[in-house]
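Over in TrEMBL, the protein carries these features:
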type	residues	note
REGION	28-97	region 'Disordered'
COMPBIAS	31-60	compositional bias 'Basic residues'
COMPBIAS	61-72	compositional bias 'Basic and acidic residues'
DOMAIN	119-531	domain 'SAM-dependent MTase RsmB/NOP-type'
BINDING	CYS237, ALA238, ALA239, PRO240, GLY241, SER242, LYS243, ASP269, ASP329	S-adenosyl-L-methionine binding site
ACT_SITE	CYS382	active site, nucleophile
COMPBIAS	581-592	compositional bias 'Basic and acidic residues'
REGION	581-620	region 'Disordered'
COMPBIAS	599-617	compositional bias 'Basic and acidic residues'
REGION	841-860	region 'Disordered'
Amino acid sequence: MIIILDKREREREGQLLQVTVPLSFLQIPNQKKKKKKKKKKKKSVMGRGGRSRTQRKHFRQSRENVWKRSKSDPNSNPNDENQTNPNPNPWTPFATENPSFDLYYKEQRIVDPQEWDQFVKSLRTPLPASFRINSSTQFADDIRSQLENDFAHSLRDEVAEGGETEAIRPLPWYPGNFAWHSNFSRMQLRKNQTLERFHEFLKLENEIGNITRQEAVSMVPPLFLDVHSDHFVLDMCAAPGSKTFQLLEMIHRSTKAGSLPDGMVIANDLDVQRCNLLIHQTKRMCTANLIVTNHEAQHFPGCRLNRNHERMEPDQHIGQLLFDRVLCDVPCSGDGTLRKAPDLWRKWNSGMGQGLHSLQVLIAMRGLSLLKIGGRMVYSTCSMNPVENEAVVAEVLRRCGGSVNLVDVSSELPQLIRRPGLKSWKVYDKGTWLVSCKDVPKFRRSVILPGMFPSGGSYQDLVDSTCDTEMGDDISICTNGNSEDGVQAAEKPVTHQSAEEVSDLPLEHCMRIVPQDQNTGAFFIAVLQKVSPLPAIQEKTKMEIVEQCVEPENQNLEDAQAPQIDLSENALEEVSKTVSEEIVNDNEHNTEDLEVSPLEEKDPKEIRESPSVENKTKKLPGKRKLQIQGKWRGVDPVVFFKDEAVINSIRAFYGIDEHFPFDGHLVTRNSDTSHVKRIYYVSKSVKDVLGLNFSVGQQLKITSVGLKMFERQSAREGSTAPCAFRISSEGLPLILPYITKQILHASPQDFKHLLQNKDVRFGDFADAEFGKKAENLMPGCCVVILDKGNRSATESFKVDESTIAIGCWRGRARLTVMVTAMDCLEMLERLLIRLDPEKGSSVHVDKSSNNVGDEVQPVT
């Protein structure tokens, strides 16, 4: 017999009953037919394969949407007394309180006692929306001007009387007014036409990649990295990708049209499914300076060549993968996000942070080992727990000796309100407050580590110590490092009488951002600088550290092991369609950085590889051949594209200038180069890293690389065109300054006509001469450039950052736009604003097209 407690009674007690019984066993028989009908209907809406939105399934422990009504009766209103059939289980939001939370953080003194009420009040208030303008996009200044001169005034007049409250405002501490804060909720954005227009604006620009919706405090860590355009940057735990996108903006900040920066970004994440979100997010950037990898951050490969390596290419300038900047935004308990994830209130316990401490230390140490001497690393979490924050930084500093400094950045971003890090804290375990590692019982030393305390220390004879079996059932070692009941283990916690420890390290240089200071979430940031090689650490001690690292069972954390899935091009392309709103310098060989200490050189798991798949096809009875795969299972290989016949045909058809570097910069994800569908372009820095990766046996598991430059036209007319490959919209801005053929210059009227109608006959253009020029082009892909109208007929056209161009297909009788409908809408709005600011600022974007995310196919 199965007894199921009433859900409302369980919530009143603040506990959650987990029943490992399939939901199908708990369904009411009378409702089975209805559920089947709903399922079929949903399948028809969700698209191919009946998949739901990607974001919803990428978090293993899905969170309930606290702002939605009960699914049993979406039209029910629990406050309606006249309702004839009230919902027996009315919708109620999560309780935004937790006695364990209050007790724990009051004892840790993360805020002054007189500020506690204001602190908790802020945590219980929904988080305001914020977003960032992509400063490297072509329309960055236009979007900022539209926000400052249009929306800032119209929205203020709509929601605030007398202008006392700002509807939207730029974040004062973010450079250039490129980050904005909004006081609207999603429901408020749908109130009236003005707010609806602003909401449509946000959705459109976010999908295009001109803005990124991101929590304000999440924008802070990359700013303290001080990234330059020639830096090699590693983002160790990158998914879902908002910080990676920000790092790419910094790399491309001063790049001119047709050129690429010398630096690059490697974005890594353990979770394969979240890597898909990362790839979708960063694809909006259209960059050739990015590599996305899939590794455990604490075991990220160093790709170090042997000193006498013979396979090193003559033009290869790097012999080891080292970085100028490392972003170490580690997995954490996430209690700093309570304002946007209120369901964490009922799940929170003190053991969540303790179970992640060892992993966080290992990730930070690996990041420092990959950092160049003189380089900077930022360690950050969205947690308020000192065990995950100051304790990790202190332990890293102790292990590194004097080779790493904690940087004082109090003078940087002066308008950002931050508080100094803690120098004293306690560790809570099993109803007891511990102030020193000396107070930890032997049977708890596998969970409560010395590095969790302000002064650190060590356990003597740790390997020989075992749990005292005579303690019986009163002793329980949590395999995930979490206390079973957190602070709730005892109503009156016991504190050991040892003197409270105070760290002698300069932890006040760390930064804590608290919600009430600037109406944000909570965040922790520490800036570290490597000044010399890391000291050697005995291998025995290192193995003990690895053994002590116990992965938590909390399936909501980013570091949990994910099932391997297919990362082929087709799979990633399908994901991108379903997702909606959410080293050494090449010219200077730094030999000092290649002198690696034993800690950096010896990593028993550095080159750990997943089972490789032989690079050949396998025949299965009754099934088609398996796709050729690379060294890593489920991942397409990265192959340098060297088919001279195809490359020469592309060069000749588009008249590509010889100064555009082609040799060694083209890659594909298909070993069979005779059936290549897409050709990607990589920068010089990425090319060098790929060469190094091949030299060391492909230690990097690469899931995405390069900028899609050319794509084989699969439509009927593609087979008859002189060149079967068309220029992709992503790669057009890079190659445009070097194209000399297949170019048309359109007047604003004809350019607008193309964007609105998608395909236009040659005789239907307002400028008859433009139609004749289009008719005289070779069949196939061509480029249409918006003519500025301020140059003479004899003056040559020069491409710059303000040039607007689109790819088209020249058919037998018409021109067809070869960009997505979403890009057409966004470009049309920008064009209207530039030509007629008053009319353009009030244009309403029509998104009724069913193929908003698909490129228009050519028509005859």
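Placement of Cβ uses the backbone N, Cα and C atoms for every residue, glycine included.
Any TrEMBL annotation is an automated prediction that lacks curation.
Counting only same-chain residues six or more apart in sequence, the Cβ atoms lying under 8 angstroms from the Cβ of CYS382 (active site, nucleophile) belong to VAL217, SER218, CYS332, GLY334, GLY336, THR337, GLY521, ALA522, PHE523, PHE524. One way to see the shell of the S-adenosyl-L-methionine site is to take the Cβ centroid of CYS237, ALA238, ALA239, PRO240, GLY241, SER242, LYS243, ASP269, ASP329; the remaining same-chain residues with a Cβ within 8 Å of it are ASP235, THR244, ALA267, ARG274, LEU278.
In this entry, CYS237, ALA238, ALA239, PRO240, GLY241, SER242, LYS243, ASP269, ASP329 make up the residues listed for S-adenosyl-L-methionine, with the farthest two CA atoms of the set 13 Å from each other. Counted over every protein chain shown, other Cβ atoms within 10 Å are most numerous around ALA239 among the binding-site residues CYS237, ALA239. Shown in sequence order, SER218, MET219, PRO221, PRO222, ASP235, LEU327, ASP329 are the residues of the chain, 6+ apart in sequence, with a C-beta less than 8 angstroms from the C-beta of LYS243 (S-adenosyl-L-methionine binding site). Taken together, the residues of the domain 'SAM-dependent MTase RsmB/NOP-type' (119-531) have an average pLDDT of 84. The Cβ of GLY241 (S-adenosyl-L-methionine binding site) has 27 neighbouring Cβ atoms from other residues within 10 Å, across all protein chains displayed.
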